[in-house]
Amino acid sequence: MDLILLLKAVILGVVEGLTEFLPISSTGHLILVGDLLDFNDDRGKAFEVIIQFGAILAVCWEFREKLIKVTSSFASSPNARRFVLNLFIASIPAMGLGFLFGKHIKAVLFSPIPVASAFIVGTLIIFWAERRQQNLVDVSSYIKSVDDLRPLDALKVGLAQCAALIPGTSRSGATIIGGMLFGLPRAVATEFSFFLAIPVIGGATAYELLKLWKAPVAFSGEFTLAIVVGFIAAFISAFVCVRWLIHYVAHHNFIPFAWYRIAFGILVLFTSYTGLIAWSH
């Protein structure tokens, strides 16, 4: 049994779970940590796709009561149908752009320097969103929960989500901060971001799994075990992170994450420029 491989799987699983739903970019962290662990070959890329599904399952489990209620009452409840419609509307822009330009973005921007730059730019947007929210006397008073969102609100969040196609931007950051910039309360923007992850990330993961099925990567027995371990680590850490973030946003803002992003971005730029870390991308 390769214990080093299993340790790498746990580390990457925890990184995926902790960063997928925080405004700090899971993709950016996985690229950088994957470089450091020398875990960025074809098997490593397949591994990242599969463990991402574990993080999505954590969201489904946390909000299982809401999802069951929407599913069971879809035919009879206008609120349930509007909720599903909002998710559909918010999913289309990023999924469409990803389908059209995803390969080009991966070819050009999936490397440490663009990722670090996106981290720093994202910091400035977080500061802007938090300052703007503080200056709003009445932050969309008609919106108290995700059930109050209108299709137009969903479209605005969906357009903001397009920025997440740039690695290092953060899908959750784009949707949460974008929602706040468009006037949504912080807690509502965060919860809607969780739900939006299910069709968007779930769909993207399913697409990547389909590509793996058509062009399979050979896995050894040990690597298959590493995938299982990473999947479980991603599920558990994502579940803990989602539950914590729900409570956090009720009383705090995202400024600490902004400082983290700028510090992390500067660190990456410095180590890349000086050669202290031999980034492989």
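Cβ from N, Cα, C; glycine included.
Annotated features, as they stand in Swiss-Prot:
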- 4-24: transmembrane segment (TRANSMEM)
- 46-63: transmembrane segment (TRANSMEM)
- 83-103: transmembrane segment (TRANSMEM)
- 108-128: transmembrane segment (TRANSMEM)
- 187-207: transmembrane segment (TRANSMEM)
- 222-242: transmembrane segment (TRANSMEM)
- 257-277: transmembrane segment (TRANSMEM)
For the transmembrane segment (46-63): best-contacting stretch of 4-24, 83-103, 222-242, 257-277, by Cβ pairs under 8 Å:
222-242
Long-range neighbours of the transmembrane segment (257-277), counting only residues six or more past its ends (CB under 8 A):
22-24, 32, 35-36, 112-113, 115-120, 122-123, 126-127, 130, 168, 173
Cβ pairs under 8 Å only, please: of the recorded stretches 83-103, 187-207, 222-242, which one is richest in them relative to the transmembrane segment (4-24)?
222-242
What residues elsewhere in the chain lie close to the transmembrane segment (222-242), defined as a C-beta under 8 angstroms and at least 6 residues from its ends?
1-2, 5-6, 8-10, 12-14, 16-18, 20-22, 43, 47, 50-55, 57-59, 61-62, 194
Residue numbers, six or more beyond the limits of the transmembrane segment (108-128), whose CB comes under 8 Å of its CB atoms:
23-25, 27-28, 31-32, 35, 166-170, 173, 177, 181, 254-255, 257-259, 261-262, 264-266, 268-269, 272, 279, 281
